[in-house]
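Participant: Have a look at this one before I ask anything.
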Amino acid sequence: MTSAEMTSPNNNSEHQAIAKMRTMIEGFDDISHGGLPIGRSTLVSGTSGTGKTLFSIQFLYNGIIEFDEPGVFVTFEETPQDIIKNARSFGWDLAKLVDEGKLFILDASPDPEGQEVVGGFDLSALIERINYAIQKYRARRVSIDSVTSVFQQYDASSVVRRELFRLVARLKQIGATTVMTTERIEEYGPIARYGVEEFVSDNVVILRNVLEGERRRRTLEILKLRGTSHMKGEYPFTITDHGINIFPLGAMRLTQRSSNVRVSSGVVRLDEMCGGGFFKDSIILATGATGTGKTLLVSRFVENACANKERAILFAYEESRAQLLRNAYSWGMDFEEMERQNLLKIVCAYPESAGLEDHLQIIKSEINDFKPARIAIDSLSALARGVSNNAFRQFVIGVTGYAKQEEITGLFTNTSDQFMGAHSITDSHISTITDTIILLQYVEIRGEMSRAINVFKMRGSWHDKAIREFMISDKGPDIKDSFRNFERIISGSPTRITVDEKSELSRIVRGVQEKGPES
């Protein structure tokens with residue numbers, strides 16, 4: 001099967017669509033609606049270090065490995081030896097492909113001893129060399145890295161532009177699908193440094209590496225794919241050991257199946273409050289101030305999975321593995337034994353150790369390798385530090401979307417800013433994404449500090465509306481009765497309600513009579 005078979009136009013369609021060539025770059029074919037237009041040139045533009053050369057090499061490598069389509073790589077910057085050496089870090093053996101006649105690297109890099117142009121500048125010789133290589137190797141894919149170097153080597157930009165037009169026209173005449181890289185000065189400035197490169201190409205892809213808050217965030221944007229459709233806007237990506245990995249969040253569809261099967265939270269009373277437990281493929285958010293018992297709920301959640309011989313992964317971003325093991329053991333949970341049985345995996349990392357896209361990739365990789373039935377993230381708020389609201393929301397969408405796709409039950413925690421009193425759950429930008437929200441908070445009752453728990457929201461199920469007392473003992477969580485004689489608990493200012501004892505006794509008797517004798 002060729003790279004164009006699944007994206008070729010329908011012969012019966014009224015309008016002839018443009019066939020596309022799949023790049024097999026993770027996520028790119030989704031946002032480009034099938035890949036790059038066949039027989040056309042695509043300009044990949046970005047500042048230094050954004051991954052332009054990597055994109056151009058991966059485009060060729062995937063074509064050779066996945067579809068047995070030979071390629072030609074034209075380098076104006078690095079030597080072929082450097083390119084082959086750098087590609088090895090991604091597990092790509094370009095030297096072997098060269099020896100097998102599947103890849104040809106055309107060295108047009110500058111002479112280290114300098115060069116002097118005598119007479120008029122043209123690319124006729126280079127064009128003929130490229131043409132010869134394409135014909136000899138029957139190449140369908142061509143990458144040129146980079147156009148900027150041509151401008152830097154020669155001063156006459158108008159002449160260089162003319163020659164680039166000639167080069168692109170010749171490649172189009174041959175029918176090669178071409179990727180050309182160019183450098184830009186600013187992340188959100190002109191598309192290319194010399195302002196003419198984008199007019200030479202049919203398509204433009206922009207790579208960015210923007211500093212947001214305290215972290216850098218890589219994004220890819222398809223600015224244009226002439227004559228064909230594509231998804232608009234920026235999409236986050238990361239560079240892994242296997243190359244570029246784009247997260248096409250906008251391409252995600254709400255097509256996952258919904259299950260009526262319930263799973264236990266690990267706390268019997270909480271299961272009762274949720275109408276019998278969490279739905280199997282749901283995402284639960286436990287939110288509250290520090291110390292309200294969120295990590296304890298997470299621990300019970302993963303312990304229950306292991307007790308039922310199901311696998312679980314705990315992603316911890318606030319506590320070390322040793323601390324998690326110690327705290328769990330103090331509540332009667334032996335996480336080490338669960339790990340030995342290969343039922344539990346604990347992944348600990350500082351949020352600042354990587355960007356959100358890198359953390360998302362790690363989470364997806366761990367899920368793919370370990371195949372858990374449940375995951376827990378403690379906590380999302382730690383990952384939100386130093387990043388924009390949009391980047392954080394995209395991260396949460398990526399995690400929840402992947403968990404639902406794999407039919408995994410997920411319990412995430414979020415630490416609220418306010419120690420007591422009401423706090424807006426919607427400020428975290430994740431309340432609408434999750435299926436169930438458990439609200440934990442501190443309340444002051446009769447001069448003493450107490451904890452309260454409430455099932456704030458649960459999609460598709462009845463749930464208890466009461467605000468109940470939540471106690472933590474050496475045996476773990478213990479949910480008591482509701483604060484029946486108090487109101488305004490969520491606001492942080494509980495007020496005692498005067499209760500007429502006779503009326504209250506009548507209410508209790510009436511409730512018992514309505515319930516009737518147990519069968």
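Placed from the backbone N, Cα and C atoms, the Cβ positions cover glycine too.
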Participant: Out of Ser3, Ser89, Ser265, Ser282, which does Swiss-Prot tie to the same ATP 1 site as Gly49, Thr50, Gly51, Lys52, Thr53, Leu54, Lys224, Leu225, Arg226, Thr228, His230, Thr240, Asp241?
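Facilitator: For the ATP 1 site that includes Gly49, Thr50, Gly51, Lys52, Thr53, Leu54, Lys224, Leu225, Arg226, Thr228, His230, Thr240, Asp241, Swiss-Prot also lists Ser89.
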Participant: Of the residues Thr255, Thr413, Thr432, give the one that Swiss-Prot describes as phosphothreonine.
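Facilitator: Record lookup in Swiss-Prot returns phosphothreonine for Thr432.
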Participant: Among the residues Ser13, Ser45, Ser229, Ser431, which does Swiss-Prot list with the feature phosphoserine?
Facilitator: Ser431
Participant: Swiss-Prot lists region 'Linker' for one of the ranges 209-221, 248-260; which is that range?
Facilitator: 248-260
Participant: Given the recorded positions Thr290, Thr292, Thr432, Arg451, Lys465, find the one whose Cα is closest in space to the Cα of Leu225 (ATP 1 binding site).
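Facilitator: Looking at Cα distances from Leu225 (ATP 1 binding site), the smallest one goes to Thr432.
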Participant: Out of Thr53, Thr290, Thr295, Ser461, which of these binding-site residues shows the lowest number of other CB atoms within 10 Å of its CB?
Facilitator: Thr290
Participant: Can you grab the distance from Thr290 (ATP 2 binding site) over to Ser89 (ATP 1 binding site)? Cα atoms, rounded to a whole Å.
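Facilitator: Cα of Thr290 (ATP 2 binding site) to Cα of Ser89 (ATP 1 binding site) measures 42 Å after rounding.
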Participant: Would you find the one among the recorded positions Ser89, Thr228, Thr240, Thr432 whose Cβ has the most company, meaning other Cβ atoms within 10 Å?
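Facilitator: It comes out as Thr228.
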Participant: List, in sequence order, the same-chain residues at least six positions removed whose CB sits under 8 Å from that of Arg451 (ATP 2 binding site)?
Facilitator: Thr292, Gly293, Leu440, Gln441, Tyr442, Val443, Glu469, Phe470, Met471, Ile472
Participant: Nearest by CA distance to Gly49 (ATP 1 binding site): which of the binding-site residues is it, out of Leu296, Ser461, Lys465?
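Facilitator: For Gly49 (ATP 1 binding site), the spatially nearest of the binding-site residues is Leu296.
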Participant: Which entry in the list of binding-site residues, Gly49, Gly51, has its Cβ near the fewest other Cβ atoms, using 10 Å as the limit?
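Facilitator: Gly49, out of the binding-site residues Gly49, Gly51, has the fewest neighbouring Cβ atoms within 10 Å.
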Participant: I'd like to know which of the binding-site residues Lys294, Lys465 has the most other Cβ atoms within 10 Å of its Cβ.
Facilitator: Lys294
